[in-house]
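What TrEMBL says about this one:
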type: TRANSMEM; residues: 53-74; note: transmembrane segment
type: DOMAIN; residues: 65-350; note: domain 'G-protein coupled receptors family 1 profile'
type: TRANSMEM; residues: 81-99; note: transmembrane segment
type: TRANSMEM; residues: 134-158; note: transmembrane segment
type: TRANSMEM; residues: 170-189; note: transmembrane segment
type: TRANSMEM; residues: 220-246; note: transmembrane segment
type: TRANSMEM; residues: 286-307; note: transmembrane segment
type: TRANSMEM; residues: 327-351; note: transmembrane segment
Amino acid sequence: MSQTVISSTGYEGVIYLFISTTQASLLMRKAQITNLLIFPDVQKSINKILSNVVQVAVCVFGVFSNIINILVFYKIGFADSVTVVLFGLAISDLGYLFFSVASQTLDILDAAVGLHPFEPLKNLAFQVLWFNNMFYDITIILTVFNAVQKCACVAIPLIFKSVFTKSRSIFIVGFVYVGIFIYYIPTFANPGTASYFDPSLNWTRLGNYYLPNNETVNTIFYILSRILLPFVSQAVIIFCMVILTVKLRATLKFRRTLSLHQGFAEENENERERNKAKGSGKELRAIQTVTLVSAIFVVCNSPDILITLTRSVYPEFSDTSSRFESTYRMCGAIQDVFAVTNSAVNIVVYLKYNNKYRRRFKEIIQAVVRPQTRLRL
């Protein structure tokens with residue numbers, strides 16, 4: 001009787017062990033199949049192309065284009081508030097792109113050199129990213145301010161034309177730079193380097209270390225800079241774009257109506273209407289410039305918004321998840337390309353819709369080309 005009970009219990013144990021092993025195998029197989037949404041090897045290849053080729057190329061183009069923007073706006077002079085903000089925006093874009101390409105270059109060098117240097121270059125690349133983030137936050141805030149001031153002046157010009165003056169814009173731009181730098185001081189103070197023993201190499205090397213309150217600082221930083229700031233700025237800029245688009249259509253309609261009735265007015269009336277059209281044309285180009293710069297930001301900021309929303313709905317969507325790791329890293333690489341594109345392509349808008357910018361740009365190019373032509377002769 002006793003032997004029968006033992007035999008039955010052992011048989012049930014074998015069955016349970018077999019079922020548990022089968023379930024575990026099925027779960028592992030399911031996780032592997034799910035992670036093949038983007039094959040790891042394919043993802044690594046695409047990420048290298050996006051990060052090491054596309055992102056670096058856009059950053060290099062953006063560094064030179066924003067240097068040109070700074071020179072051109074300086075030549076134009078700070079006669080109005082929009083030019084002041086665009087000048088400050090060019091500086092923040094330049095800083096963001098410069099530290100982006102610096103961080104990416106250190107990553108590339110770290111991959112090429114490997115683990116041999118005493119100071120791993122990837123650690124330096126990570127520390128450089130804090131400066132990258134600082135300038136990116138300044139870019140976001142100045143883009144929002146530019147859209148808000150133009151929207152306010154267009155919607156209620158009698159009130160806000162005297163509010164957003166050149167001197168106040170200079171103060172606000174300076175305040176944004178100083179305020180963001182102070183905000184980032186805790187993050188600058190947290191990461192540092194310390195020596196530690198690396199058993200894989202059997203020698204002592206340097207690595208990043210963090211203060212005890214680092215987790216709290218990073219949590220506050222993530223909530224404010226990576227959640228609240230992108231979402232609030234996206235909503236505000238979209239609202240301003242709607243107002244500016246309505247005003248843009250009204251201005252275009254006025255210009256079409258004016259051109260239809262131009263031949264039926266008297267000479268003095270024609271002169272008055274032409275002056276009005278000239279003023280409306282200048283206002284039209286200013287609205288187009290601000291609207292397109294805002295639209296570029298909205299498009300390029302959307303991947304960041306979508307990734308954050310996806311992570312809030314599916315917490316497994318991260319680089320630590322075996323299920324979505326490849327997909328998450330792919331989305332992150334695409335997001336980085338969009339972010340640097342936002343700071344690099346504003347020069348195209350300025351050349352298309354800003355007459356003063358276009359004239360000064362041609363003067364600078366001619367001043368650079370002519371001496372070289374003379375030297376060749």
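Any Cβ shown, glycine's included, is placed from N, Cα and C.
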Chain residues in Cβ proximity to the transmembrane segment (53-74) (below 8 Å; excluding those fewer than six residues from its ends, i.e. six or more beyond): 83, 86-87, 90-91, 93-94, 97-98, 100-101, 104-105, 333, 336-337, 340-341, 343-347, 350, 357, 360-361, 364
Ranked first among 81-99, 134-158, 220-246 for CB pairs under 8 angstroms with the transmembrane segment (327-351): 81-99
Surrounding residues of the transmembrane segment (220-246) on its own chain - C-beta under 8 Å, 6+ positions past either end: 133, 137, 140-141, 143-144, 147-148, 150-151, 154-155, 186-187, 287, 290-291, 294-295, 297-298, 301-302, 304-305, 308
